[in-house]
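This report refers to the structure that appears directly beneath it.
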Amino acid sequence: MSGINSHIEMGSIDGRSVTKLEDQSLVSPQPMDRKTTALNVAPHRSFFDVGTQEFGRKHILNSTLNSIKIVLFSSKLNLLASCGPLAIVVDKLTNHHGWVFFLSLLGIIPLAERLGWATEQLAFYTGPTVGGLLNATFGNATELIISMHAMKSGMLRVIQQSLLGSILSNMLLVLGCAFFGGGIVHYRKEQVFNKASAVMNSGLLLMAVMGLLFPAVLHFTHTELHFGKSELVLSRFSSCIMLIAYGAYLFFQLTSEKNLYSPISEEGTPTDGGSDDEELPEISKWESITWLFILTSLISVLSEYLVNAIEGASAAMNIPIAFISVILLPIVGNAAEHAGAVMFAVKDKLDISLGVAIGSSTQIAMFGIPFCVVVGWIMGRPMDLNFQLFETATLFMTVLVVAFMLQEGTSNYFKGLMLLLCYLIVAASFFVHIDPKSIQDKPKTNS
């Protein structure tokens, strides 16, 4: 009985407490809700907010430091980055244009390489087609930036020759190294690539040759309706047509040819591109975009010093301006494409190598050159498509040679060696070439 009574007493105590709680909840449910909310939710929310903010700051700081570490210390070429500030110091303290040009040239190399790397990181998030276009676009950013600074200084021949040299360098040097490197590593088989894409790009390059050829022929045959004016009007009209053609090419590429940069199997059919050694991006999409803007700005600063030192460097080093513009400047600007194209060819991803090399040449020929003509038109500069007979003939022969190399849709180290030897012939030709147009334009430029 005592056990039962104690149980009843405890139950009554519990009952009273429960009854009181029930009465409070029935009489005033809202205050009770507010109390429980105040007791349970409010402290938890403030703690969570503080922790989230602190975690967010740490995460942003860590990701930023990690991004800087990857960009600055993951490439051995970054050792040359100190040449850029050194070139600015030499320019401010001395008049040695040769050293300013040389140091600016070396300083742009790691920036151009990192620009290509950041573009590849962004391409992971955009897909192969857009990624190929991004590689070609930002791979040519260095040449376009140099061209804009030369346009501002009135050095129109430097623009023409540097853009021409970019096309020649991509088609002969970059593609030749890719074919040669891939052929040496995969010497037991012939590498294959998308023949349809290569033929289309070859056709666009021949259209660009047509646009450059007619103003030059019109000028040197003295068959202009208005001497000195007709070739400029024809150049501007042709440039607008070439820009329209390139825009149509981009639309076709993005809509109709989704597998344009997809790897091709030995049977000639596109593959899905999946592989066991598929690479992953090292930085995020927004970090890639941020680094693209930062690197482009740094290249723009150094390009101004580079362009201003060209004439002085030519006199100091006794090297023709044509050789500097056609050979030296594009090699620096194509550093990213050069490394990337060879790397992809060695990995047997030859379609990406062609997308970088031939796609870059097509973009310079069909967009870069006409764009500079239109910008010159807006700025009141007589920039035209008359690249002179020697330069136009060189481009025409280069496009023909490369078109014949690509028509089979296969590659080997011998084809790469032939392209490299052709580039040596072109380089030697421009080393002994005196450009009469640049000599005639010197007084105009100085004025």
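The backbone N, Cα and C atoms fix where each Cβ goes, glycine too.
No curator has checked TrEMBL annotations; they are predicted automatically.
Per TrEMBL, the features are as follows:
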| type | residues | note |
| --- | --- | --- |
| DOMAIN | 98-254 | domain 'Sodium/calcium exchanger membrane region' |
| TRANSMEM | 99-117 | transmembrane segment |
| TRANSMEM | 123-146 | transmembrane segment |
| TRANSMEM | 167-187 | transmembrane segment |
| TRANSMEM | 199-221 | transmembrane segment |
| TRANSMEM | 233-252 | transmembrane segment |
| TRANSMEM | 289-307 | transmembrane segment |
| DOMAIN | 289-430 | domain 'Sodium/calcium exchanger membrane region' |
| TRANSMEM | 319-346 | transmembrane segment |
| TRANSMEM | 352-377 | transmembrane segment |
| TRANSMEM | 389-407 | transmembrane segment |
| TRANSMEM | 413-434 | transmembrane segment |
Using a Cβ-Cβ cut-off of under 8 Å, list the residues of the same chain that are 6+ residues beyond the ends of the transmembrane segment (99-117) and lie near it. 71, 75, 77-87, 90-91, 135, 138-139, 141-142, 291-292, 295-296, 298-299, 302-303, 305-306, 308-310, 312-313, 324, 328-329, 332-337, 339-340
With helix taken as DSSP H, G or I, strand as E or B and everything else coil, how many residues of the domain 'Sodium/calcium exchanger membrane region' (289-430) land in each class? 119 helix, 2 strand, 21 coil
Within the same chain, the residues 6 or more beyond the ends of the transmembrane segment (319-346) and with Cβ under 8 Å of it are 77, 101, 105, 108-109, 112-117, 119-120, 135, 139-140, 142-143, 146, 157-158, 161-162, 164-166, 168-170, 173-175, 177-179, 181-182, 185, 191, 306, 310-311, 313, 352-353, 356-357, 360, 391, 411, 426-427, 430-431, 433-435, 438
Distant-in-sequence neighbours of the transmembrane segment (352-377), which means Cβ under 8 A and at least six residues beyond its ends: 128, 132-133, 135-137, 139-140, 143-144, 147-148, 151, 156, 159-160, 163, 166-167, 170-171, 174-175, 178, 182, 193-194, 197-198, 201-202, 204-205, 207-209, 211-212, 235-236, 238-240, 242-243, 245-246, 249, 260-261, 263, 334, 337, 340-342, 344-345, 383-385, 402, 406
